[in-house]
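Chemist: Below is the structure I would like to discuss, written out as structure tokens.
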Amino acid sequence: MGDSDDEYDRRRRDKFRRERSDYDRSRERDERRRGDDWNDREWDRGRERRSRGEYRDYDRNRRERFSPPRHELSPPQKRMRRDWDEHSSDPYHSGYDMPYAGGGGGPTYGPPQPWGHPDVHIMQHHVLPIQARLGSIAEIDLGVPPPIMKSFKEFLLSLDDSVDETEAVKRYNDYKLDFRRQQMQDFFLAHKDEEWFRSKYHPDEVGKRRQEARGALQNRLKVFLSLMESGWFDNLLLDIDKADAIVKMLDAAVIKMEGGTENDLRILEQEEEEEQAGKTGEASKKEEARAGPALGEGERKANDKDEKKEDGKQAENDSSNDDKTKKSEGDGDKEEKKEEAEKEAKKSKKRNRKQSGDDSFDEGSVSESESESEGGQAEEEKEEAEEALKEKEKPKEEEKEKPKDAAGLECKPRPLHKTCSLFMRNIAPNISRAEIISLCKRYPGFMRVALSEPQPERRFFRRGWVTFDRSVNIKEICWNLQNIRLRECELSPGVNRDLTRRVRNINGITQHKQIVRNDIKLAAKLIHTLDDRTQLWASEPGTPPVPTSLPSQNPILKNITDYLIEEVSAEEEELLGSSGGPPPEEPPKEGNPAEINVERDEKLIKVLDKLLLYLRIVHSLDYYNTCEYPNEDEMPNRCGIIHVRGPMPPNRISHGEVLEWQKTFEEKLTPLLSVRESLSEEEAQKMGRKDPEQEVEKFVTSNTQELGKDKWLCPLSGKKFKGPEFVRKHIFNKHAEKIEEVKKEVAFFNNFLTDAKRPALPEIKPAQPPGPAQILPPGLTPGLPYPHQTPQGLMPYGQPRPPILGYGAGAVRPAVPTGGPPYPHAPYGAGRGNYDAFRGQGGYPGKPRNRMVRGDPRAIVEYRDLDAPDDVDFF
């Protein structure tokens, strides 16, 4: 096994033997003379026998499984640690170890690494996607690392001592604003030509994208209304025990979205019948298997006697018929044999002809006599002509039969809800969607391409899904696309599996009446917000109302307020409470007063489910999962996953649980309910919003050049004029398209600027000095439950090398921003895989094992008085 402990420790031993080979040969010879049991003499035969017991002393917490090998009484000779050990390359570490090692270099398989500070190398390595680290993407230009914003303390060092505190704070705020503004402008210039960026912010592309999204939304709405009119939602409940019916409904929606008809929906019934037939067939086989051995011996004997009698009667009848059948069979066999003999003769003639043709090219072939060859060729030509005539007649007969079968084929329902798809993990940001479509269109059955949003932490690489018809051989297409490059980027597609669990459940507490009523309120609010945002039930601004088949108001929200108002019998409770009820201070004798039974209201649940299905089918929003599935119309599954209510909880629930569920659920829905955020006018001006008129004036001024007295040039056309006003007039008249381009560019930048959630590079914070709270026992950091993990993000540019004071996992390290949750940092020697955090340290504290990360087994020997008080400075 490649990942077993023995194999893994063997490779680690081999690694350190290679490191010592440059200066330890004399010591090895001495040890061999002393008769030490050294396994190096048997490189091939001794590999498997080399055990992890040789480093047993470095891991005292391990259990002994076998007797350790013999060693001499004297301690092993220690060697000096070389200065270059920290940066040594490890032949057994692949590029996969780098994100977890946290320190110096294993070999990288991507572009050649530049000379310079080791932290720059680490940062560049972590920024690359995995394909670049493995060599799939050639020659990626990493560019200059982004600048880091100064901390207030660093900023104060650049100021004069005469600047007071308030002025320093003001200047620092201005510095931060300028820094962010500059970063935003640099980001815009770096990505303005990329397709994903233009489709999001360029005025022309934004309009096209909105029209496409609106058309897809209208199509999904028509599908929902069609299914509702057909009664698909009448008896459908979003409970986990109705999973089969829910999947069938989702498939029906997908068939309708793909342009299917009512006839195509019949395939769902056929699939259901086939499944039931398969189940009944299996059940009948099991019953027969059980019933077979259950027959008694008496029954078997009786059956045997009856069979013998019947056989005796049949024997007489059969004897008279045997002669007739034998004759007929004999005649039939003779005819079949004749036909087979004729076919074989024809085949043999053809083979002989082919062989003779092939042999005629050989120098040593002996030709037959001319008369024989001519006669044979004439016969062969006749046979070929007859065969050709027969072949011509066959297609005509087939064509006559085709129209009869065509009517039956047209009626056959199509499985439009099933597709095949390929998944592409890394698509470079400079690759356009049209390029992928043109590449995949060459293969039959191509349907569509879906691209995910770019990921800033992965250099804005995107994931892609290419959908094909179900009838294609998807593995063959995947193989053909395997080694194709687009703009020096390997697509490396893989076959995308079908969804396994399309219906998933959440907590069954959602069946409670109080929660259902609250969900109706939230779902109605969500529908109202999404409909307004997409203007689904209103005509687009600036266009006359076009008569459509869609109603003017959402029929789903009709009379919804009837279910939002809770009816209470307050008067009755007041009268009963004041007259005969027990005082509220007195607790009941039995049961917990805070616990209640789960109360299910079928009427409310039916209303809620219709709202949730509207959200799922029309707006691609999974309510119980509190998430929106973006670009679902372009994905392989147009209606893939849905979350539903789980089974009813077996125990009583507390009132606090109900309130806590409602509170957390509303918090999760808040981002979906919020209107798209955009910067205010004041904030936009601070960030550098551009005025179109001013930018046009700048453009005209820059293209008005004075050559001399009364001599002005327009560089756009090369024409000369007597004055600047003539140049201006010329630009507006003859170069109006350039003016429009400037205005569009301004709108492009302003759209990006005003987006509060605009993409940006991951923020890299400066290294923080270690505080007293960071000095903890080895392996433990506040709020970090996983002491074995090391930073998976990138190291900041210019960060100093980690200090050497801590050999173990307790070394105090500067903070490394990763853009995610903080992780404890790698100890000294982490260039060899951060091994000390896994094995050494004498079992102090708990040491989780991880076989994927290999490292240094030579833990530092620690001397500690067990009776002394705790001291964190020991080695």
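Note that the numbers count up from 1, one per residue, in the order the chain is shown.
Placed from the backbone N, Cα and C atoms, the Cβ positions cover glycine too.
According to Swiss-Prot, the record shows the following:
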| type | residues | note |
| --- | --- | --- |
| COMPBIAS | 8-73 | compositional bias 'Basic and acidic residues' |
| COMPBIAS | 297-345 | compositional bias 'Basic and acidic residues' |
| COMPBIAS | 369-386 | compositional bias 'Acidic residues' |
| COMPBIAS | 387-411 | compositional bias 'Basic and acidic residues' |
| CROSSLNK | LYS150 | SUMO2 cross-link |
| MOD_RES | GLY2 | N-acetylglycine |
| MOD_RES | SER4 | phosphoserine |
| MOD_RES | TYR8 | phosphotyrosine |
| MOD_RES | SER74 | phosphoserine |
| MOD_RES | SER136 | phosphoserine |
| MOD_RES | SER492 | phosphoserine |
| MOD_RES | SER539 | phosphoserine |
| MOD_RES | THR543 | phosphothreonine |
| MOD_RES | SER569 | phosphoserine |
| MOD_RES | ARG832 | omega-N-methylarginine |
| MOD_RES | ARG839 | omega-N-methylarginine |
| MOD_RES | ARG849 | omega-N-methylarginine |
| REGION | 1-90 | region 'Disordered' |
| REGION | 272-411 | region 'Disordered' |
| REGION | 571-597 | region 'Disordered' |
| REGION | 834-853 | region 'Disordered' |
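For each feature listed, report its degree of burial, its nearest neighbours and the pertinent distances within the displayed model.
Modeler: Neighbour count (other Cβ atoms within 10 Å of the Cβ, all protein chains): 16 for LYS150 (SUMO2 cross-link).
The DSSP secondary structure for SER492 (phosphoserine) is coil. The Cβ of SER492 (phosphoserine) has 19 other Cβ atoms within 10 Å, all protein chains considered.
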Chemist: Determine, to the nearest whole angstrom, how far the Cα atom of SER492 (phosphoserine) is from the Cα atom of LYS150 (SUMO2 cross-link).
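Modeler: On Cα coordinates alone, these residues lie 41 Å apart.
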